[in-house]
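Here the structure is laid out as structure tokens; the discussion comes afterwards.
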Amino acid sequence: MTKTKQEIYNKRPTSPHLTIYKPQISSTLSILHRMTGVALFFAVSILAWWFILSKFDSNYIKLANCCCIIKICLILTSFAWFYHLCNGIRHLFWDIGLGFSIKAVNLTGWSVVICSVLFTILLWV
């Protein structure tokens, strides 16, 4: 490149970096929906395997009652389940063309998070 072309190349605008990007509720929930989908795949696979093992040895059930880490994993799995369910219902409304305004997207997004937390609390209390 000639000197002028290099100067022009260096002065061209670049896209904003992730450090200055402010995440929006819709983008955050979209990423969370994908993460919970992957997490549920693994969690349900492990739970199925665990239930099969508990059929032959009851110590696996006792382990779940006494181990805090397993209980925390089960609570997080139930939150992921409820979040994925509530957000899936939200997507069904989008499929029929409802709730596309910015206000509706933000309102339903926060509603999904609040309902997921409430359903998880109701399940475990």
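Glycine too: its Cβ is placed from the backbone N, Cα and C atoms.
According to Swiss-Prot, the topological domain 'Cytoplasmic' annotation covers 1-29 (among others).
Outside the transmembrane segment (30-55) by six or more residues, the chain places 61, 73, 76-77, 80-81, 83-84, 87 with a CB less than 8 A from a CB of the stretch. Look at Swiss-Prot and you will find 30-55 (among others) tagged as transmembrane segment, backed by similarity to another entry.
Among the features that Swiss-Prot reports, topological domain 'Periplasmic' is placed at 56-68, with the record citing similarity to another entry. Within the same chain, residues 50, 74 sit at least 6 positions outside the topological domain 'Periplasmic' (56-68) and bring their C-beta atoms closer than 8 Å to a C-beta of that stretch.
Look at Swiss-Prot and you will find 69-89 (among others) tagged as transmembrane segment.
Annotation for HIS84 (heme binding site): spatial neighbours HIS33, THR36, GLY37, LEU40, criterion Cβ-Cβ under 8 Å with sequence separation of six or more. In the three-state DSSP reading, HIS84 (heme binding site) counts as helix. According to Swiss-Prot, the feature heme binding site maps to HIS84, an assignment based on similarity to another entry.
Long-range contacts of the topological domain 'Cytoplasmic' (90-104) within the same chain: residues 111-112, each at least 6 residues beyond the stretch ends and with a Cβ under 8 Å from a Cβ of the stretch. Annotated topological domain 'Cytoplasmic' per Swiss-Prot: 90-104 (among others), in sequence order.
Residues or ranges marked as transmembrane segment in Swiss-Prot (evidence: similarity to another entry): 105-125 (among others).
Counted with DSSP, the topological domain 'Cytoplasmic' (90-104) comes out as 9 helix, 0 strand, 6 coil.
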